[in-house]
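Structure first, then comments.
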Amino acid sequence: MKLAVFSAKSYDKHYFDATLRKHHPALCEITYHSFALSSETVSLAQDSDAVCVFVNDQLDAPVLETLYANGVRAILLRCAGFNNINLQVAEDLGFFVANVPSYSPEAVAEFAVALIQTLNRKTHRAFNRVREGNFNLEGFLGRTLYGKTVGVVGVGRIGLAFAKILHGFGCKLVAYDPFGGEEFKKYGEFVELGDLLAQSDVVSLHCPLTEGTRHVINDENLGRMKKGALLVNTSRGGLVNTKAVINALKSGQLGGVALDVYEEEGALFYNDHSGEIIHDDVLMRLMTFPNVLVCGHQAFFTEEALSEIAGVTLGNLEDFVLKRTCKNSLVREGHLVVPTDKEPVRL
């Protein structure tokens, strides 16, 4: 069994190799590619039986058809999201497709809270200021989180972990999720999205990207938000209309924005562009605001999460090889496992 891993970094290789040696020594031979899977690079998977991809790899119909023609039969997503793959085409072609639905919800939840506190208390700016010998506090005034209302959009594993942390801060929690969730009711109440936006001092997104959730944060919904509220997104960049956010920042409707994801991140994130001219004018404009914090999709990036990703991904591959039922399969017995009766808004 030959496995081609795309968008591979040094840490991917470290954890996959370690997991392979310890738990699956005879499972497969791995080839690592540092570049993303796309129509330009798909030919390099022609000698592989399976491919392993990440959030910014491209698996549209032409890529899937080429993979199949070249003998690939299994697609392993080492992430929870699957918006970058055409699952209907994958089903039609007969691919085995599996993801890692939960590799460290606490890691992402903790990072979301860190973004809120960094943005709210301006610790990133304070760090730079004191290094220059300036201990002035002007411009650093924040707000106490205790007693504030925090809106959680999507209370799956990550959203629930986030809610538990903010409950410990003494925040009032409201959530929107058409799936509901009994456990969340221990910490807060469910409301409609419009009510959540109007009530919340902080809005945190914890939902996958679907056609129904794309640009859920747009001009209309930003206008419904409480004036001066903070917006945090650690889920998928396409949930947020960046141009609309810029307008809301300029008008003062938004009090601040913290993004670990960006709708056009595919051409930028996970690579070093410090010696280049970045031509994304929208992102560059966004980062000129003093009340904006942008990170490079690192919320998941902990030792525990990387170990779990490698373990579950290789376990999924073993299920495929041994023809076992895979609990993480997105295409099972010729049918999509993704809900179709209502748009999923949880991770």
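Positions of Cβ are set from backbone N, Cα and C atoms, glycine also.
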Per Swiss-Prot: NAD(+) is bound by R157, I158, D177, T234, S235, R236, and from D195, D201, D260 the site also lists D260
Separation of alpha carbons, R236 (active site) and D260 (NAD(+) binding site) (Å): 9
Cα distance (Å, whole number) from I158 (NAD(+) binding site) to E265 (active site): 21
